[in-house]
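Reading through the structure tokens given below for one structure.
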Amino acid sequence: MCAAVNTSPSTFRSQQVSSSSRTTSRDKSYDYLLKFLLVGDSDVGKEELLSGMDDGASESPYGYASSGIDYKTTTILLDGKRVKLQLWVTSGQGRFCTILRSYSRGAQGILLIYDITNKWSFDGIDRWIKEIDEHAPGVPKILVGNRLHLAFKRQISEACAEQYAEKNNMAFFEVSPLCDFNVTESFAELSRLALKRNGMSRAFGFNKVLSLQELACRTVVSCTTIYGIEQLPLPNSIKSHLKSYALTNKTRARMLSFVHRDRHKKQKYLNPCESPPMNCRKSCSIS
């Protein structure tokens, strides 16, 4: 007769924390283990993001389908390291805010998700940030605008979301699981932030040496356009990654140009041009 297994949330959290600190000798399939929460209002497509991630099992933990929590594991390759992600999706209904308070303990990263075609879901991000700051202060978080494939129904502009994310010290991505656009990239960026916060940045050599993947993407993108990438004889997954890389870097370049332009305007205001020479004054004087 099988012995009963304790599957309480507290027991699972203690097991998860101990396993996240190191890779056990029995499981060498990953180098790091991270726990991420996906939060946001109802019907913003959190489950769509899960379905867009490869690998792993998708299930409701502890066998309770009505618990308001969905769970999936996946593994991504980040700068040559295998990072296993435990993805926990909370329901957006108000009665599950207490569940968020319980499962936010031990989380290393949080994705705040809204639907770009639903203004109310974007307005609700303030409430989620308040909950996170209260129960998981300091945990890295990113803002994710879902359903980019419905951009023709957009109610929240990209510029507005970027400004909001910058104000709240968050990275920002617009994604489309249907088109496999920016989904993996958003999880990879949050993984970098989480590992950096936990003192693992040295293992990745951040800001020192370009990874082989980064170097390959930069080389291809510098030699062609987004339309040209679509014509390349490559698998769709690779072409999607290249287009995502090109658009992401184009956005960063645009933001840097705005910064340089504003800095130039400020400098011009602080250092007005010198007064015109005397001969110019004489020629412009009214007779």
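For all residues, glycine too, the Cβ spot is worked out from N, Cα and C.
Because TrEMBL annotations are produced automatically, they should be read as predictions rather than curated entries.
From the options 1-23, 231-253, the stretch TrEMBL describes as region 'Disordered' is 1-23. Within the model, the domain 'SOCS box' (199-248) shows a mean pLDDT value of 67, rounded to a whole number.
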